[in-house]
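Take a look at the structure below.
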Amino acid sequence: MTYSRRIRPSMHIVHTIADLRAALAGRGRPAFVPTMGNLHAGHLSLVAQARPLGDVSVASIFVNRLQFAPHEDFDSYPRTWQADCDALQAAGCDLLFAPRESDLYPQPQTFTVQPDPQLDGMLEGHFRPGFFAGVCTVVMKLFSAVFFASGGGTAVFGKKDYQQLMVIRHMVQQFALPIAIVAGETARAGDGLALSSRNGYLDAAARSRAVQLSQALRALADAALQPGADLAALEAHALQTLSAQGWEADYLTVRERSDLSPPVGAPQAGQLVALGAARLDGTRLIDNLEF
Ligand SMILES: Nc1ncnc2c1ncn2[C@@H]1O[C@H](COP(=O)(O)OP(=O)(O)OP(=O)(O)O)[C@@H](O)[C@H]1O
Ligand SMILES: CC(C)(CO)[C@@H](O)C(=O)[O-]
Ligand code: BAL
């Protein structure tokens, strides 16, 4: 009897920008998925989406201190190195870039990439000042590392971080970076909760209530499309509902998908997104729903 068995080639792991550039030389155009690790099925769906979009699939794992405010969870952010490597290897990722802080930031990063003030001044940018500058700065650096050898390629970002995706698209457009930005749909748990590394902070009781955020967004979106809907009143009602359920909400709002501005006139189906950020038992979760 003969057996045929497909063995996936081993994923190559590099830690420095120089090693990454050397590993990518002559390999064609990368399809890249940046992450902060603690990988879940949402991240792996982005890797699966990325693989056919390039000649070589690249993921990065780096918990970027620059995008965390001093009171935020940089120190406690879950770091699950071996499980992440195993998951990426099983997902068919070709190359993992996992820089140490001293590899990516050998000197204090005094030159930063500042996002457009209007987009940065609302929603996540408003509630997490400095967050998008930290994200843009590290993503610019990761792009420089990953796309140097090929002169361009594709990067995949999740819609779960809706405003982040928009900020990155804007950065790529304004700096004329030769990189196609592709959006990945939000992977959800069976009850509808958006998968997120920070879900791991929730105890069993909080986890069972966490779906209330996506339910609030669904109810807000449905109500917004009723004739004569008063968006301000509906948003206030959604905030009250979540608050009565024990959440502390930063925002629950309906925006235009094109630029995240508040809709003017009657809400138009197919062009809107309901976005929310709220804390449950001290854990800050975000979610959104296009409608
Ligand atoms: N549920 C999801 N479905 C699809 N993509 C996702 C999901 N969650 C995160 N991503 C995407 O994965 C990439 C890396 O995100 P990150 O490592 O911050 O994961 P995260 O789960 O969002 O973590 P956190 O809980 O810290 O926000 C981003 O492009 C993000 O939008
Ligand atoms: C894009 C990113 C990897 C930059 O650190 C991070 O913000 C994330 O995981 O979404
Ligand atoms: N998921 C986006 C990265 C962050 O919240 O820090």
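The first residue you see is number 1, and the count goes up from there.
Glycine too: its Cβ is placed from the backbone N, Cα and C atoms.
With a 10 A radius on its CB, His43 (active site, proton donor) counts 27 other CB atoms from all the protein chains. Summarising the annotation, TrEMBL assigns active site, proton donor to His43.
According to DSSP, Met36 (ATP binding site) is assigned to coil rather than to any helix or strand. The ATP binding site annotation in TrEMBL covers 36-43, 158-161, Ala187, 195-198.
TrEMBL lists Gln67 with the feature beta-alanine binding site. Here Gln67 (beta-alanine binding site) comes close to Gly130, Phe131, Phe132, Ala133, Gly134, Val135, Val138: these same-chain residues lie at least six apart in sequence, with C-beta atoms under 8 angstroms from its C-beta.
Taking a C-beta cut-off of under 8 Å and a sequence gap of six or more, Gln164 ((R)-pantoate binding site) has these contacts in its own chain: Glu124, Phe132, Val135, Phe157. Taken from TrEMBL, the feature (R)-pantoate binding site covers Gln67, Gln164.
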_So if I draw a 10 Å sphere around the Cβ of Lys159 (ATP binding site), how many other Cβ atoms end up inside it?_
18
*Which of Met36, Leu39, Ala187 (the binding-site residues) has the most other Cβ atoms within 10 Å?*
Leu39
_Rounded distance in angstrom between the Cα atoms of Lys159 (ATP binding site) and His43 (active site, proton donor)_ = 11
